[in-house]
Amino acid sequence: MSAMASLLFHLLCCLTVFWLLPLPSHSADPDPLQDFCVANLSASISVNGFPCKPASEVTSDDFFFDGFTQEGNTTNAFASFLTPGNVLSFPGLNTLGISMNRVDFAPGGINPPHSHPRASEVGVVIEGKLLVGFVTTNNVYYSKVLTAGHMFAIPRGLVHFQLNVGDGKALAYTAFNSHLPGAAVVPLNLFASSIPNEVLTKTFQVDADLINTIKSKFRP
């Protein structure tokens, strides 16, 4: 092999490795370095995830979760209830890069517009009829009415919602590629936080009285 050909070959190899190296960073959570890392939720230190419980203290119960066995209480402003199955309620998920939610809807109930900053989402409708939609960063709206057995996918970080458009209750399960996907709920972020009224009146081009009226809907 000539010197020039050898140089080109090594350059190609280097470029290939350089291209492959960033790929793991595309996953929502870091890859685990051991069989499991059951979260020690009471640890005093904080890392990107939770420290591992000592293996000698891990039990079978750490890998099982019964939180989805009961219907959620939908007696609230949104007429829906979300039961999280993430690392905070199911410590065995720590570092596994997965989690789920159960979402119950009363008739007319809504899982209001929100986003998950750390995960993409897939879901399946188990019961009822749901309008599921999301909006892209270019303000393009995608939606469809789904019934039992239908699935949906929500790209990471995009604002989305589910609305019960059927005559009875509805139930859906959602799954995420993060053990703690997070949720930024748009109406609560805007009207149940400490954002000054001046910011909201200028943003929505309305007067302060209307902003205060909306805020009153979200006060405890």
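Here the Cβ of each residue, glycine as well, is placed from N, Cα and C on the backbone.
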Per TrEMBL, cysteine bonded by disulfide to CYS52 (from CYS14, CYS37): CYS37
Winner by Cβ contact number (other Cβ atoms within 10 Å) across the binding-site residues HIS114, HIS160: HIS160
Additional residues around oxalate, ordered along the sequence, whose Cβ is within 8 Å of the centroid of ASN101, ASN111, HIS116, GLU121: LEU82, VAL103, HIS114, GLY123, ILE154, HIS160, THR174, PHE176, PRO181, ALA183
Minimum Cα separation from CYS37 (disulfide bond), reported as the residue among binding-site residues ASN101, ASN111, HIS160 that achieves it: ASN101
For the Mn(2+) site built from HIS114, HIS116, GLU121, HIS160, further residues of that chain with CB within 8 A of the site's CB center: SER115, PHE134, ILE154, LEU158, VAL159, PRO181, ALA183
Cα-Cα distance linking ASN101 (oxalate binding site) and CYS52 (disulfide bond), given in Å to the nearest integer: 23
